[in-house]
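Here the structure comes first, spelled out in structure tokens, and everything after it is commentary.
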Amino acid sequence: MAALCRVRHRWKRTNCIQLLTRNLTGTFDYDLVVIGGGSGGLACSKEAAQLGQKVAVLDYVEPSVKGTKWGIGGTCVNVGCIPKKLMHQAALLGTALKDAQKYGWQITGPISHDWSTMAEAVQNHVRSLNWGHRVQLQDKEVKYLNVKGSLLDEHTVKGLTRTGKEIMLTAKNIVIATGGRPKYPTHIPGAVEHGITSDDIFWLKESPGKTLVVGASYVALECAGFLTGIGLETTVMVRSIPLRGFDQQMAGLVTDYMEAYGTKFSWRSVPKSVDKLSSGVLQVTWTEEQTGKDQRDTFDSVLWAVGRAPETKTLGLEKVGVKLNKESGKILVAADESTSVPNIYAFGDIGEGRPELTPTAIKAGKLLARRLAGQTNELMNYDNVATTVFTPLEYGCVGLSEEEAESRHGKDSIEVYHAFYKPLEFTVAERDASQCYIKVVCKRGGDQRILGLHFTGPNAGEVTQGFAMGFQCGATLTHLKETVGIHPTCAEELTKVNVSKRSGLDATVTGC
Amino acid sequence: MKLHLFISLLFSSPIYVSFQMAHRLLVRRIWTLSVKDLRCLLASTSSFSTSLRSSTTPLSFLSPKHTLPCSLPHTSRREVSFNVQDHEDFTERVINSALPVLIDFHAQWCGPCKILGPRLEKAVAKQKGKVAMAKVDIDDHTDLAIEYGVSAVPTVIAMRGGDVIDQFVGIKDDEALDSFVSKLVGQ
């Protein structure tokens, strides 16, 4: 027996010896090993530890092409939601400063923005969050390892340190929550060498200057939005449609506002190449699909926001038998987040068909931990998830888009109520509110259950959150109309909606 | 008259003034050094005085971090306040320190740390070399900070002979700091 134990460490990779020792000892190093320390991974590991499990979380950030790297917390904390919302706020404050003068504030001299001040403040906050997560893991007794995890077999995880040292962990259950990273359009010459992605923009020490944002996802529009807001000349290059997957009428209002706000849009254009000139600026050549002509312009920075790819390549999934979706590369998961291998689970951005959102990852992670600890059978409900796009004119929604409702129920079976409203704060500030709009998509007839709710306007996230709860409870149009609004707010306009698209009447809200 | 002028000029000339200062500094340094170090220092004073004569930049021997020509024992780097470089450095200069040490756990992103830092330096300086201060950036030395149970910053730990004697979290005013430091030195 003793001889076997001594030999075990040398013969680690020989499965039979491993199986033998496991059977002999019957225990694993950990009850649960989570690969990925982002929103999902951290929530799952902390919940599991709280329920008495022995847990380890492995987090490792492969530096971006430009060399950007960050601490624990994943995409949301470091290169997503948090820095994005803070920079969006910086841009909104710029607009507020302009409005302020109409409200009587005496602002002498021109208003200018310093990128370095904002970036340092944002980066410092992110670092404080990294630290906070470390402390939490320590408090909750989750073992944290800054190693790149990969699977050797269904119970063994290999961790690779930055310096190349290998460590092995065995676990009863393994959870993969490695998320995704931005894609580079590698087929475009110069794209990788000269472009940056959302992984880099929030960590730049100096202003990106005149920027070309390629893409029309919410990442592209949100970034272009705050860059314009802080005074940088920004262009968005769109191949086909903005905010694919979202209600297209609402997406149009968002981009209309951005254009009026100062962001340039290059519609139906595809970049061809990126060259660095001797002066240091980047020259981008692109093709306009409609005319077929090539255009050229120079920029200080090119930001690629053309999609995200799941982090699965270095996990050793094939060897272990975890099946992926061939097209997306994401892990195929069942309703309980299980994969094709019995004790291996996957959730968050890495799961096929899952929303790429922090709150769903956190909730799914917690429920998974509870199920693994035998505390519950409850599955994650991915329906009715509210979201908000933090563009200069924010867009919040919950439920189905008009197109999706039409396709599922038929145009004749739905009723769409809508209204163009003007936020009170815009009046004195003399701001254009043409794109401030509300849309409630309901079932026609019967109890007129609400299928989808859409809102563009200031603080859309705050407005939508409350209505999302009603939506979750199965709110009907009657419920909405029976709700007394809070006055004066933008949110109350949702309770007052009464003009249907079908009627063809003017949907502009008039005074009180 | 001319001689008087010359002498007053000589005694107020930058070179002479800096010589005075260097001498004062040297005396102060010898005071705080151990005998072993003194032996080493005296051995090098010949090169010291030549550098004095030939130096065109007086500041070269005014800097407290001036490294002496011979290799001194590692425990003799007597800066009162220093940044911890790594785990080994911490063991050497903090745990194995002959002096009591204040460990200032701080972070770049921590506003209150920037207020407490200078106050700590002041309180430590008042003790005239009886206590040292080790500064630990928790982002650079996360494991060390976690090891010492740091959760919020600033956290200040008072250590003597490798043992934690006292600690506090957050900002203290000058009076409270003086009393905290005196307690560490006094006992």
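Don't overthink the numbers, they just go from 1 along the chain as shown.
The backbone N, Cα and C atoms fix where each Cβ goes, and this holds for glycine too.
Taken from TrEMBL, the feature domain 'FAD/NAD(P)-binding' applies to A:30-365.
Sequence-distant neighbours of A:Cys81 (disulfide bond) (same chain, 6+ residues apart, CB-CB distance under 8 A): A:Thr358. Look at A:Cys81 (disulfide bond): DSSP puts it in a helix. Positions annotated as disulfide bond by TrEMBL: A:Cys76-A:Cys81.
Feature annotation from TrEMBL assigns FAD binding site to A:Lys85, A:Gly149, A:Asp349. Packing around A:Gly149 (FAD binding site) is summarised by its Cβ count: 26 other Cβ atoms lie within 10 angstroms of its Cβ, all protein chains included. Secondary structure at A:Gly149 (FAD binding site), taken from DSSP and collapsed to helix, strand or coil, is strand.
Residues or ranges marked as NAD(+) binding site in TrEMBL: A:Gly215, A:Ala216, A:Ser217, A:Tyr218, A:Val219, A:Ala220, A:Leu221, A:Glu222, A:Gly307. Around the Cβ of A:Gly307 (NAD(+) binding site), the same chain contributes A:Pro182, A:Lys183, A:Gly215, A:Ser217, each under 8 angstroms and 6 or more positions distant in sequence. A:Gly307 (NAD(+) binding site) falls outside any helix or strand according to DSSP and counts as coil.
Summed and averaged per residue, pLDDT over the domain 'Pyridine nucleotide-disulphide oxidoreductase dimerisation' (A:385-496) gives 97. If you look up TrEMBL, you'll see A:385-496 marked as domain 'Pyridine nucleotide-disulphide oxidoreductase dimerisation'.
If you measure from the Cα atom of A:Lys85 (FAD binding site) to that of A:Cys76 (disulfide bond), you get 10 Å. Taking the centre of the Cβ atoms of A:Gly215, A:Ala216, A:Ser217, A:Tyr218, A:Val219, A:Ala220, A:Leu221, A:Glu222, A:Gly307 as the NAD(+) site, the nearby residues of that chain (Cβ within 8 Å, site residues left out) are A:Val213, A:Cys223, A:Leu243, A:Ala305. Around A:Leu221 (NAD(+) binding site), the same-chain residues at least 6 positions away in sequence with a Cβ under 8 Å from its Cβ are A:Val236, A:Pro242, A:Leu243, A:Val254, A:Thr255, A:Met258, A:Val389, A:Thr391. Geometry remark: A:Val219 (NAD(+) binding site) versus A:Asp349 (FAD binding site), CA distance 15 Å. In this entry, A:Lys85, A:Gly149, A:Asp349 make up the residues listed for FAD, with the farthest two CA atoms of the set 30 Å from each other. Around the Cβ of A:Lys85 (FAD binding site), the number of neighbouring Cβ atoms within 10 Å comes to 16. Each of the recorded positions A:Cys76, A:Gly215, A:Ser217, A:Val219, A:Asp349 was scored by the number of other CB atoms within 10 A of its CB, and the lowest score belongs to A:Ser217.
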